[in-house]
Structures are given as structure tokens and as C-alpha cells.
């Protein structure tokens with residue numbers, strides 16, 4: 001027996017979920033105050049906890065990623081891939097171009113600009129094995145970067161997106177993190193169990209968004225300081241930048257998905273394509289083509305080995321593993337709640353196979369091309385043209401490394417200005433979608449594809465802004481980075497429950513197909 005919502009002909013109006021809202025608001029306020037008032041103690045404490053988690057649960061993170069990869073492959077290539085996320089009469093709300101643009105924009109964020117140059121160069125100079133700065137180190141650096149930005153992370157988004165979309169649109173449960181646990185807990189998901197899951201999802205999402213806002217602010221400030229050296233790089237500049245970014249992000253959230261986030265995603269993708277094409281054509285084009293082919297081959301040939309590699313027999317490399325691979329797996333897991341929920345929100349009417357392949361392959365291809373082109377351009381300058389200054393800058397100020405790279409290409413002042421604009425737009429989409437999902441999780445009622453009241457979206461946007469400014473001014477940004485990684489551990493358990501619950505529901509459906517129900521939806525949003 002599925003949720004009693006199946007029997008309802010109309011949906012109740014959207015209203016605040018007091019338990020989820022207040023528990024989340026109070027929790028993030030306490031965390032924020034601790035980080036602001038005691039920045040050094042918070043940093044030391046979280047760093048110690050993170051080290052213990054990495055040491056004790058590194059193997060566990062690896063297994064969760066591998067299990068997720070296998071499960072998502074089964075979703076895509078078995079008969080269950082034909083099952084739609086919705087009823088037979090449901091059609092996709094967004095066309096393929098807009099849909100794929102939103103998939104990409106929500107899942108990537110500004111980190112692609114931050115790490116596109118910095119990560120490959122860092123691996124090249126400080127590899128886990130062997131000597132840095134060599135030809136072998138260059139080849140392995142790109143392979144490691146492909147690993148961290150490759151399909152391992154995207155399957156987590158696909159898993160959460162498909163699972164939430166299935167239970168929301170196929171089983172008529174709320175579009176909330178709790179709903180995927182219905183096969184395990186039954187009607188108890190509408191009580192304390194569900195409130196706790198949604199509340200933790202909000203906390204993890206806010207911490208992730210604050211971290212994203214911090215990265216965005218650092219890149220923006222670096223770009224503005226690069227373009228205008230006389231502009232003072234002070235706390236006031238940082239605060240003004242954060243407020244401006246969040247004002248526009250709030251506006252897109254208020255406008256909604258159709259008019260705000262969808263439009264931004266299209267602009268975002270076009271700007272990124274233009275920048276990628278510019279670097280490809282004005283850089284060492286033939287070298288970059290060779291690099292893309294070879295990097296892809298290296299990634300595929302080491303795929304299985306590196307998916308399981310814990311550097312058991314090389315203790316010197318375990319620190320690198322914790323700082324990079326385990327960090328990335330935990331980061332992807334921590335981002336999965338809100339990105340997956342957003343993917344579910346925009347994927348009603350599409351089949352499971354469509355969503356899995358769309359999420360895992362379309363953004364993946366662009367991401368790997370970006371890492372390859374920017375990374376190989378930077379490494380080529382260091383390895384073959386003696387521009388060690390790029391490497392030094394990556395170690396000292398990674399946010400500035402992209403702007404330094406552009407100096408070796410034509411029209412660099414103008415392109416640097418465009419990068420600042422791209423940075424601003426690229427920041428907006430994940431923050432906008434994340435804020436919308438937080439507001440939806442802290443409300444109840446309405447249909448599965450309706451959104452929360454505008455005032456609730458504005459509230460969470462303001463809360464994220466205040467927490468971000470406080471943390472950045474207190475110098476606690478690195479503490480927040482540690483916190484977002486730690487959020488990955490408890491949510492990884494929820495991912496395992498998601499796989500079990502979805503497999504159970506799909507098995508039941510293949511044996512006894514879902515009876516289509518026609519409901520009259522009463523909109524309570526906007």
C-alpha cells in the first residue's frame with residue numbers, strides 16, 4: 001500500500017512545515033555563530049574530525065560511489081529504464097536544450113572556473129606518486145582531474161534525481177528527500193523520521209551553498225582586482241560583492257524555474273561554450289586535441305583501478321587521497337540532495353533512462369573537455385615554455401590562476417572581463433536552484449511540481465547571505481569547507497537506503513504495474 005496521498009483528488013495549499021523550518025533555521029544559526037565567534041577552534045575541531053573520517057571511512061566512501069555507479073547503470077540499461085517519472089499522460093515540462101542546460105548549470109557551479117586550471121596544475125606539481133613537474137606527472141595529473149570530475153560524481157545526482165522524481169511523480173508522494181524512504185518506513189516518513197531527513201538535507205544544502213558562495217566571491221574578487229588593480233581588496237569590497245551576487249540570485253529564485261533559472265541556464269551554457277572555444281582556438285589547438293584524446297584514454301584505462309585505489313601500500317600518498325579523492329566524493333555526496341531534488345523537479349515526464357543518460361553523459365562531456373583544454377594549456381605553458389609562475393600562483397592563489405592563464409592568449413583584458421561575467425552567472429544557477437529546493441523542503445502541501453511561497457525563498461536567501469558574510473569576514477571559510485565534506489558521511493547512508501527503496505519499488509512495479517490515477521492539482525505557489 002502506497003501513500004494515502006494516492007487517494008486524494010485535490011492537494012492542500014502550500015504552507016510552512018514548522019518542525020523542519022525551525023529546526024533547520026536554528027541549527028544553521030548555531031553553526032554560523034560558532035564558526036564566526038570561534039573561527040580557529042572551529043577550524044581545528046572540524047579538521048581533526050575530517051581527518052578521522054578520512055582515515056576510518058575512506059574505504060566506505062569508495063564503496064558508496066562504486067555501488068551508486070553500478071546501481072545507476074542498472075537503472076539505465078535494464079527494463080526499468082523505460083518507466084517514466086510520472087503518469088502516462090505526463091509530458092516533459094522543458095525541451096531538451098533547456099533541460100540539459102539546467103542539468104549542467106545546477107550540477108557544476110562556479111567550482112569549474114576555480115578548479116579548471118588549478119587542479120590539473122596542482123596534481124602536476126604535487127602528485128601522489130612519483131616526481132612532480134615531469135612528463136609522467138603531467139599525464140597522471142589530467143587522469144586524476146578526469147577522475148574527480150568524471151562520471152563518479154554525476155551518478156550521485158542521477159541516483160537522487162531519479163529516486164525523488166519516481167516517488168514524487170509516479171507514486172504521488174511529496175517532492176522531498178523523505179519520500180524515497182517510503183518503502184522502508186511507510187507512513188512514518190510524514191512524521192519525525194521524515195522531518196529529520198528533510199531537516200538534515202536543508203542543513204547540508206545551506207552549508208554547500210555557503211561554500212559555493214565563498215568560492216564565487218573569491219573568484220569574483222580576484223577577477224575584479226585583476227581588472228582594476230587600484231580597487232581596494234577590503235572586507236567592504238567582499239561584503240558588497242556577496243550582497244550583489246545574492247540579490248540577483250534571490251531575484252531568479254523569486255521569478256521561478258521557468259522564467260528565471262531556465263533563462264539563466266541557457267545564457268550560462270552559451271557563455272561557457274564561447275570561452276571554451278576561445279581558449280581552444282587561440283591556444284595550442286593541435287596539442288589540445290591530442291590531449292583530449294589521450295586524457296580520455298588514460299581516464300578509461302585507469303577507471304576501475306582508481307575507483308578502488310586507496311594507496312594502501314604507499315602511506316605517503318594517503319594524505320593526497322584524503323585531500324583530493326575522498327574530499328571530492330564527500331563533496332559530490334553533500335551536493336546530491338539539492339542538485340538531485342532540482343533534477344527531479346525539472347524531469348517530470350521523462351523516462352528513468354532519459355534522466356540517467358542525460359545527467360551522466362551530457363554535462364560530463366563538456367566538463368571533461370573543459371578540464372582537458374584549460375588544464376593542458378596551463379601545463380603546456382609550464383612544462384614546455386618555462387612559465388613556472390602559473391604553477392606558483394596555483395599554489396598561492398588558485399582563484400587567480402585562470403586570469404593569469406588568459407594573459408598568454410589574445411585580448412586577455414577583455415576576455416578576463418567576460419570571465420568575471422561568466423563567474424557571476426555561473427554562481428547564480430546552483431544557488432538559485434538550491435535556495436528554491438531549501439524553501440520547498442521547509443514547506444508542505446501542494447502538488448509535487450509546485451514551489452514554495454516567495455517569502456520563504458527570500459528568507460532562506462537572506463539567511464544564506466548573512467551566514468556567508470559572517471564566515472568570510474571571520475576567516476572561517478575553510479571551516480565551512482570541512483563541514484560540507486562531513487555532511488557527506490551521514491547522507492551517504494541515506495543514498496544506500498535510496499537504492500534499496502527504489503529497487504524494492506521498481507521490483508514491485510515490474511510485477512504489478514502502477515495504477516494510473518488522475519488528480520486535480522490545486523496550485524499553492526507563486
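Just so it is clear, glycine is given a Cβ too, placed from its N, Cα and C backbone atoms.
Since this is a predicted model, take the numbers as computed values, not measurements.
Here Swiss-Prot flags 1-17 (among others) as topological domain 'Cytoplasmic'.
The topological domain 'Periplasmic' annotation in Swiss-Prot covers 39-56 (among others) and rests on a curator's inference. Applying DSSP to the topological domain 'Periplasmic' (39-56) sorts its residues as follows: 18 helix, 0 strand, 0 coil.
Sequence-remote contacts of a segment are chain residues at least 6 beyond its ends whose Cβ falls under 8 Å from one of its Cβ atoms, and for the topological domain 'Cytoplasmic' (78-93) they are 99, 162, 165-166, 168-170, 258, 344, 346-353, 355-356, 449, 506, 509-510, 516-518. The topological domain 'Cytoplasmic' annotation in Swiss-Prot covers 78-93 (among others), and the record cites a curator's inference as its basis.
The list of residues near the topological domain 'Periplasmic' (115-148) in space but at least 6 beyond its ends in sequence, with Cβ under 8 angstroms from a Cβ of it, reads 291, 294-296, 298-299, 302-303, 306, 311, 314, 316-317, 320-321, 324-325, 328, 368, 370-372, 374-376, 378-379, 382-383, 390-391, 394-395, 398, 401-402, 405. Residues annotated as topological domain 'Periplasmic' in Swiss-Prot, with a curator's inference given as evidence: 115-148 (among others).
Positions annotated as topological domain 'Cytoplasmic' by Swiss-Prot: 170-200 (among others).
Taken from Swiss-Prot, the feature topological domain 'Periplasmic' covers 222-236 (among others), and the record attributes it to a curator's inference. Secondary structure of the topological domain 'Periplasmic' (222-236) per DSSP (helix as H, G, I; strand as E, B; remaining residues coil): 8 helix, 0 strand, 7 coil.
Using DSSP to sort the residues of the topological domain 'Cytoplasmic' (258-272) gives these counts of helix, strand and coil: 15 helix, 0 strand, 0 coil. Swiss-Prot lists 258-272 (among others) with the feature topological domain 'Cytoplasmic'.
Outside the topological domain 'Periplasmic' (294-323) by six or more residues, the chain places 51, 54-55, 58-59, 62, 65-66, 69, 126-129, 139-140, 142-144, 146-147, 150, 152, 368, 372, 376 with a CB less than 8 A from a CB of the stretch. Look at Swiss-Prot and you will find 294-323 (among others) tagged as topological domain 'Periplasmic', backed by a curator's inference.
Taking DSSP states H, G and I as helix and E and B as strand, the topological domain 'Cytoplasmic' (345-354) has 4 helix, 1 strand, 5 coil. Marked as topological domain 'Cytoplasmic' by Swiss-Prot on the basis of a curator's inference: 345-354 (among others).
Residues annotated as topological domain 'Cytoplasmic' in Swiss-Prot: 439-457 (among others). When pLDDT is averaged over the topological domain 'Cytoplasmic' (439-457), the result is 77.
According to Swiss-Prot, the feature topological domain 'Periplasmic' maps to 479-482 (among others).
According to Swiss-Prot, the feature topological domain 'Cytoplasmic' maps to 504-526 (among others), an assignment based on a curator's inference.
Annotation source Swiss-Prot lists transmembrane segment at 18-38 (among others).
Taken from Swiss-Prot, the feature transmembrane segment applies to 57-77 (among others), supported by sequence analysis. With a cut-off of 8 Å between Cβ atoms, the residues of this chain six or more beyond the transmembrane segment (57-77) that come close are 151-152, 155-156, 158-159, 162, 307-308, 310, 321-322, 326, 329-330, 332-333, 352-353, 356-357, 360, 488-489, 492, 495-496, 499, 503.
According to Swiss-Prot, the transmembrane segment annotation covers 94-114 (among others).
Look at Swiss-Prot and you will find 149-169 (among others) tagged as transmembrane segment.
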Contact ranking winner - 149-169, 201-221, 355-375, 418-438 against the transmembrane segment (237-257), Cβ under 8 Å: 418-438
Composition by DSSP (helix, strand, coil) of residues within the topological domain 'Periplasmic' (294-323): 23 helix, 0 strand, 7 coil
Stretch with greatest number of CB pairs under 8 Å, the transmembrane segment (94-114) reference, 18-38, 201-221, 273-293, 324-344, 355-375 candidates: 355-375
Range from 201-221, 273-293, 324-344, 355-375, 458-478 with the greatest count of C-beta pairs under 8 A to the transmembrane segment (418-438): 201-221
Cβ contacts under 8 Å made by the transmembrane segment (324-344) with residues that lie 6+ beyond its boundaries: 54, 58, 61-62, 64-65, 85, 102-103, 106-107, 123, 128, 144, 147-148, 152-153, 156-165, 168-169, 175-177, 201, 204-205, 207-209, 355, 359, 430, 433-434, 436-438, 440-441, 484-489, 491-492, 495
Other parts of the chain folded back onto the topological domain 'Periplasmic' (222-236), taken as Cβ under 8 Å at six or more residues beyond its ends: 397, 399-400, 403, 413, 416-417, 419-420, 423, 473
